[in-house]
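Asker: Okay, here's the structure, questions in a sec.
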Amino acid sequence: MRKNIVAGNWKMNNDLSETEELLAQLKQHLEQEPQAEVIVAPSFTNLYHVFQSLAGTPVKVAAQNMHESENGAFTGEVSAKMLTSVGVKYVILGHSERRAIFKETDELLAKKVTSALKNDLQVIFCVGEELDQRKSDNHFNVVEEQLSKGLFNISKEDWKNVVIAYEPVWAIGTGETASPEQAQEMHAFIRKTVSEKFGSEIAEEVSILYGGSVKPANAKEIFAKEDVDGGLIGGASLKAEDFLAIVHSF
Ligand SMILES: O=C[C@H](O)COP(=O)(O)O
């Protein structure tokens, strides 16, 4: 039975005091056994603080990125081992902002995935098409290629540590959400693609999250779809009330 997951990607928001405020509200209102696994992804500077503050709660901590190497002369970078050493359990890889703004390629992402899994980090691997790719009916090809080049060189055993997030780029931070039917159609396609390469047992077990303008008002309808196992939430995860309402949308 695959897991429902709601992950909050705080992106480059929340300094230390804002982080403390948000954590206090989350802790006050989040019960010990939420219906979904809850993950928050703060910036690097706040990872350890968030991990310590959430001790004793079911909430897991994710990093928003990492370097593919174990260590070395890579000024400004952070390795998988550094992340696990401060309590991080997940890392988000392949986010469209990393792909578009920081020019991360599928080949680079494949190396990051390998390093993360080798160092016992679970990977939230993001895929998704841009608006012109959807308009030209290329969205399935784009997502298939992102999966096969960036993720599919892992072993069957690695899949227990992988979550996929489908985030159509045109829906991120725009207020425009994929319809529940569009989300379901792509999630089913992703599951079929995983199944063809790794078998149905693995495909049925992998959680596939939807991301892109998920709000309390639309979460229930999106999460109700058969192949949608939760969400990767940006803007709405910065407000405890909205994030908790989304967590409670199953
Ligand atoms: O990682 C989260 C996604 O980019 C979605 O962001 P958003 O909920 O602000 O659209």
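Here the Cβ of each residue, glycine as well, is placed from N, Cα and C on the backbone.
Curation plays no part in TrEMBL annotations; they are all automatic predictions.
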Asker: ASN9, TRP10, LYS11, SER213, GLY234, GLY235 bind substrate according to TrEMBL; which of GLY56, GLY173 goes with them?
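Answerer: Checking GLY56, GLY173 against TrEMBL: the substrate site match is GLY173.
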Asker: DSSP secondary structure for GLY235 (substrate binding site), reduced to helix/strand/coil, please.
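Answerer: Its secondary structure by DSSP: helix.
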Asker: I'd like to know which of the binding-site residues GLY173, GLY234, GLY235 has the most other Cβ atoms within 10 Å of its Cβ.
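Answerer: Top count of Cβ atoms within 10 Å goes to GLY234.
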Asker: If you measure GLY235 (substrate binding site) to GLU167 (active site, proton acceptor) at Cα, how many Å is it?
Answerer: 14
Asker: Restricting to the chain of HIS95 (active site, electrophile) and a gap of 6 or more, list residues whose Cβ falls under 8 Å of its Cβ, or answer none.
Answerer: ASN9, GLN64, ASN65, CYS126, GLU167
Asker: Using DSSP reduced to three states, classify SER213 (substrate binding site) as helix, strand or coil.
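Answerer: DSSP assigns SER213 (substrate binding site) to coil.
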